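Below: the structure, in structure tokens.
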Amino acid sequence: MGARCRSFSALLLLLQVSSWLCQELEPESCSPGFSSEVYTFPVPERHLERGHVLGRVRFEGCTGRPRTAFFSEDSRFKVATDGTITVKRHLKLHKLETSFLVRARDSSHRELSTKVTLKSMGHHHHRHHHRDPASESNPELLMFPSVYPGLRRQKRDWVIPPISCPENEKGEFPKNLVQIKSNRDKETKVFYSITGQGADKPPVGVFIIERETGWLKVTQPLDREAIAKYILYSHAVSSNGEAVEDPMEIVITVTDQNDNRPEFTQEVFEGSVAEGAVPGTSVMKVSATDADDDVNTYNAAIAYTIVSQDPELPHKNMFTVNRDTGVISVLTSGLDRESYPTYTLVVQAADLQGEGLSTTAKAVITVKDINDNAPVFNPSTYQGQVPENEVNARIATLKVTDDDAPNTPAWKAVYTVVNDPDQQFVVVTDPTTNDGILKTAKGLDFEAKQQYILHVRVENEEPFEGSLVPSTATVTVDVVDVNEAPIFMPAERRVEVPEDFGVGQEITSYTAREPDTFMDQKITYRIWRDTANWLEINPETGAIFTRAEMDREDAEHVKNSTYVALIIATDDGSPIATGTGTLLLVLLDVNDNAPIPEPRNMQFCQRNPQPHIITILDPDLPPNTSPFTAELTHGASVNWTIEYNDAAQESLILQPRKDLEIGEYKIHLKLADNQNKDQVTTLDVHVCDCEGTVNNCMKAGIVAAGLQVPAILGILGGILALLILILLLLLFLRRRTVVKEPLLPPDDDTRDNVYYYDEEGGGEEDQDFDLSQLHRGLDARPEVTRNDVAPTLMSVPQYRPRPANPDEIGNFIDENLKAADSDPTAPPYDSLLVFDYEGSGSEAASLSSLNSSESDQDQDYDYLNEWGNRFKKLADMYGGGEDD
């Protein structure tokens, strides 16, 4: 056991020597401290006996004294004055690594520390590593693993502990780190080389190895913040270039030096805290970072402190900062925004737990306002006036003062009218001045109340802090009387009347009342809007009458069976005021519209025609609409059929009964509604030269709904024959024109008691008819009168109009022939005419007894004087009279 301990002590000594080689100091300067920030000591077993030497730490105090007072933070270990670390009692390591701090004091009584790490290596490691306890963690000699004959070597069984080298070393370079040896160097000449980062890979040349001796060296100072660990591979080859060993991995760990100051994440930190905050209230957090090692050293262990506070009122230390977290909180009470709205702190961050390098930053703390000041009215009494009926009228401006921060919830005023149960007033806050603007929320009525005394209370958007009392103001409001417009009662009147309401009848009486009870005013009425001109109003009484027939189906003026008219009432006040009322006439439906088909124009193909759907429309309302009844009239059913398309009988299906000729057809369709209101509508139907559905209709001439081609040819032939007959009669009359003498004598030749007897009937029999009768057709004839004889009253024959149904054309011709035969005025005149009848005997007896004026015999004509005044002239001519 003693030999084993001596061997392990020798190994530790070799490790310590290697560490000294890497920790050379400049001779011209002395900096107190440990030679390394971290010491790593391997232990062969986890069970350590009392007095077991682990290793030795080196401390340079710059005083020349070889011994220094050390102490361990772990009570299980003891550090001698020369830096040797031993186990104080039997110890079992439960972890592969155990770390603790060793502290020492320099000549200025400043405490310094280093970290010691114990690594449990196991038996197989001890077998291949020969370390001196004085050589720290870096062995002086590294041996390639041996391969025993007959055994398969496991590469992972050979573990090389990391080699530590401090960063930022000073002195001459290159410096030896460790020597690498091969067991084959006794058999053959061995040459050594290294590869990896820092050797043949960037950064190239940081580490080199002597080709023959195997010494691994560092060529320049290292920077842990740039590269914290290097992984190299050592190679051993013979003189002919053959590998005598497998490559061995070497890990070089760069130990940290406190060469980086902490850096704040911001130059200026901003935070806020409410005024009046109690001690302990968190305000904000500052943070800093350090690029040094924060795992194995305290070089990045940052501690925060407050260096200064501005202003230092009301206390010097109003805030404190947590050393570890950087959280700034309130230390003492007394924060008042109105006195000190902001504080500026200078915060320091130092590594080595506050003992190392440091830096500073600013922390600006804003004291937030709280509602600790109530708004106050200034002044507290106001007076204003407002005209009645005005809404949103400005009455008065209420002034307040508030010491809280402007434009914050603790400053913004909220006004309330205390004694306003009907909510007739409202106070609006001016966002700029914070003043209260008192307005009317509803129209005031002078006749109801002439003056209001209001109490207005002011508060803030944010609730008061503490026991603050709201301020109150008194406002006196006088209502000014104005002439008010008449008011219709109700403002909208609804009246139901049938649409056939009689013209000139009174519909209703729509009147308004005068709200100004203190004034004696007269109201007149007139219609302001009557788009259909259906109404008129009595200007004195407001009675409304109809002036024209109303129509519910007038879509331009009637919406939803309602006709809207506006009535205005005007008083005679100063100024004149006018009120408006709305009259809603609900027109009750009357069955005044017969149903109509839609569409009325259709096209069918001649071959295999497709049926058409006809929709029945009726603008009336139920029950004056469906179900409808339909019927084809005027013989249309010969060629066409209709049937109902739905159970409600609101649409029809029209289709030809048989194949029809190409052309246009007139179909008479009779439709009747549920109340038997009917109407016959003519449908224009085109039969096209196509099959199935009509795409491009080829039309022919117009064809009657029931006529066939032979019937049409017969009618055309009859018309042609009639035209030829009329032409022949006109030619004949032009050759036999006779000028008739007037039947009565001229006015200047009128003589009493003189008759003309030379008119013998109607002249020649072949000319005794009116030529104008030849131009008459079978329709109604014009009336013929004479001015020489009294007219003879006789019945006018009734001619039947041409039927639309071609099947009735035969009856039409027969009946009209009979009517023509019984018409005495129709040619030819086949009755017996008497030409020698000269009328009955005259009351004046025959004139044949009178002698001619040429007779020589004297005649007595005195009796002519007895015949009266009409024969006086004749008596004077033949009687002689007194002139004789």
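Cβ atoms here come from the backbone N, Cα and C positions, even for glycine.
Residue-level annotations in Swiss-Prot identify, among Ser36, Ser471, Ser822, Ser840, Ser840 as phosphoserine.
When the residues Thr98, Thr472, Thr531, Thr546 are compared with Swiss-Prot, the one annotated as O-linked glycosylation site is Thr472. Annotated range for region 'Required for binding CTNND1 and PSEN1' in Swiss-Prot, selecting from 256-267, 760-771: 760-771. Candidate glycosylation sites: Asn560, Asn639. Fewest other C-beta atoms within 10 angstroms, Asn560.
Straight-line distance linking the Cα atoms of Asn639 (N-linked glycosylation site) and Asn560 (N-linked glycosylation site), rounded to a whole number, equals 42 Å. Note on the domain 'Cadherin 4' (489-595): DSSP counts are 0 helix, 47 strand, 60 coil.
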